[in-house]
Structures are given as C-alpha cells and as structure tokens.
Amino acid sequence: MAAASSAVDELSRNFTYWALGAANGSLSGAWYRRNQTHLLGVLLAILGNLVMSISLNIQKYSHVQLAHQEHPRPYFKSTLWWAGAALMAVGEMGNFAAYGFAPITLIAPLGCMSVTGSAIISVMFLKENLRASDLLGMTLAFAGTYLLVNFAPDRNQSISARTVQYYFVGWQFLIYVILEILIFCTLLYFHKRKGMKHMVILLTLVALLASLTVISVKAVSGMITFSVTEKTQLTYPIFYIMFIIMIASCVFQVKFLSQATKLYNTTMVVPVNHLFFTTSAITAGIIFYQEFHGAAFLTVFIYFFGCFLSFLGVFLVTRNREKEHLPQSYIDFGNIPGKQMLDKIQPDSNGLSYGTLPDGSDSTKSQSGEKKEV
C-alpha cells in the first residue's frame, strides 16, 4: 500500500509539474527533477536516433538516384551514400555515449524515435505518402516516449570497473547468462543443422546477442565517462573484457540481422526486431544493473505501458509501407474493365516503349482480332 501510495504521489507531481512547465512554455516539469546526466543521456539518444534516420534516408535517396541512371554504378562509389554512412556512424556514437549517462531501460526504448523520424523525413524529402496509420503511429510512439522518459528508473549509479566486476559475478547475471547460452545454442542448432530460417528464430538470436551488447556498451561507455570525470578505469581487465564482448556481439548481431532482411520483408523485420531488441535490452538492464530495484509497482506498470505504446506506434508506421512502392513489372490487360485478358506485355528495359506481345503464344494466335481492337 505504501509503494502504491508513493507511486500515485509521484504520478500526480509529474503531471502537476508538466502542467506548470507547459504554462511557462518550457519543457516537461518532470524533466526538471531528472538528474542532469540522465537528461544528457536522453538528449544524446534522441539526437543519435534522429541523425540515423537522416542517414538512412540519404542512403535511400542515393540508391534511387543510382537506379535512374542509364549506367548505374555501385552504391559504394556514391559520395552521397558515404555521407549517409558517416552520419550513421555519428548517430551510433550518440547512442553509445547515451548509455554512459542514463540507464539502459531509459535509452533502449528510444529506438522508436529512429523509425518515426525516418517516416517524417521520407515524407518531407522523398515525397512519400503520409498515411493515417503513420500519424496514429507517430502519436502513439511520442506518447509512449513521454511515459518512458518520465517513469523510467531514476537510479543514478556511477559505472566504475569495480561496479561492473561486482555485477558480473552476481548470481542473478550468472543464471541469466546460463539460460541465454542454452537458448542460443538450441536455436543455433535448429538454424544451422536443421536449416530452420524462420524470422522469429533469427531475430531471437539477434535479441539474445543484443542483451550482451547493451550490457557491455553501458559498461564500456560508463567506465570511459568515469575515467573522464573522476579516475581512470582503463587499467582494469574488466574494461577490455567488456570491450571484446561488445565488438563480438555486435558483429554476430549484424550477421543474423542481415540474414533476416534478405529472407523477409523489411516491414516485417523492423517492428519485430524493435520489439525483441528492446525487450531483451530492458531485461538485461533489470537483471545486470538492477535498474528497477526499489521502484513502485505503478511506476513500473506505466513504464511498460509506455513501451507498449511505442511498440504499437512502430508497427503502425512500418505496416505495409514497402508495398505501396513496388514497381509495376508488367501491364495486365485483365485489369482493363470490359476486356478479356489476352497476355502480359513485358517492358523493354533497353528501349523507350513497353515492348511487344510474346511471339508464339496461344492467346496471340487465337485472339488476333481482339488484340487489334485493344
């Protein structure tokens, strides 16, 4: 009862401060109560995700430009594509730095900003259609982000080498790692030996690796931040152990994720991967860094409700997006009202016309009179 009462008090204070802040034309009042380092982490994560959105659209624009050239050249020879890749690196560095200033459970769900930001930028610069589901999805994602930022755990812990060592040998993390290894090896066996390439299997492998990635990223970023602000931590072996785990897990994540994008549509992979990655990252933050220790039940409930809203928003933004841009590879006479389907005219990629009907087809010979009419 005491925990629920404190959560209700916190909720009422948050909304009271928010109303006062909005009246003064300033940021949310609840943010003023946040530690400055947490605020810096949130800003770095949001800016990093927005920069990544811009980079993805620049790379997409470069691909479109190359596709319209008479003699297309490889994309890696395009200056515009490399500019997008450079911005992608800048965005990833922003995310990396954010983990050094704020909890995993606060930074990881903010990945939804990359998806929604990409949708907005593509409408503005690539002239893509803005659908009603996009507006609804963006609204839900922003609402979820607001709840996440205001009700994420407010633990302010400095990540030193000794802190990481303490958590690394804790029984909670050891049990978690053993379970992860068992699940990972089982899924890898079915993937490699049995040839099972289902999207859920591939993205679960990515999510299991992602949990180790976010743990190691926060450890490395936190120890670097601690070294800059207080005492150097780069002489401890745990720093280099976490650095190796970070690099190895990232490499294998990219491998399995690229397999999933090759086998399945991006509109299916993006929302499922966001759901799996965020869930895995939050779980890792709760177990390894104990970020929900002492949190009230209502606060945790509102936090996960914000996660649900962001998941739903990402799903609505990405749903059926690529289907609207599929190229029409042929002209089908069966789609002309009142006309019987004769055959399909294949476009001639080397000429200016749409090509001719295939020679020798039965439909061409038997219905030559009707073809002339059409």
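Placed from the backbone N, Cα and C atoms, the Cβ positions cover glycine too.
What TrEMBL annotates here:
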type	residues	note
TRANSMEM	38-58	transmembrane segment
TRANSMEM	107-126	transmembrane segment
TRANSMEM	135-153	transmembrane segment
TRANSMEM	173-190	transmembrane segment
TRANSMEM	202-226	transmembrane segment
TRANSMEM	238-257	transmembrane segment
TRANSMEM	269-289	transmembrane segment
TRANSMEM	295-317	transmembrane segment
REGION	344-374	region 'Disordered'
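Only pairs six or more apart in sequence are counted, and the transmembrane segment (173-190) with the transmembrane segment (238-257) gives fewer than three Cβ pairs under 8 Å, not enough to call it a contact.
The largest share of C-beta pairs under 8 angstroms with the transmembrane segment (135-153) comes from 295-317, of the ranges 38-58, 269-289, 295-317. Outside the transmembrane segment (269-289) by six or more residues, the chain places 103-105, 108-109, 111-112, 115, 157, 167, 170, 172-173, 176, 199-200, 203-204, 206-208, 210-212, 214-215, 218, 257, 260-261, 307, 310-311, 314-315, 318-319 with a CB less than 8 A from a CB of the stretch.
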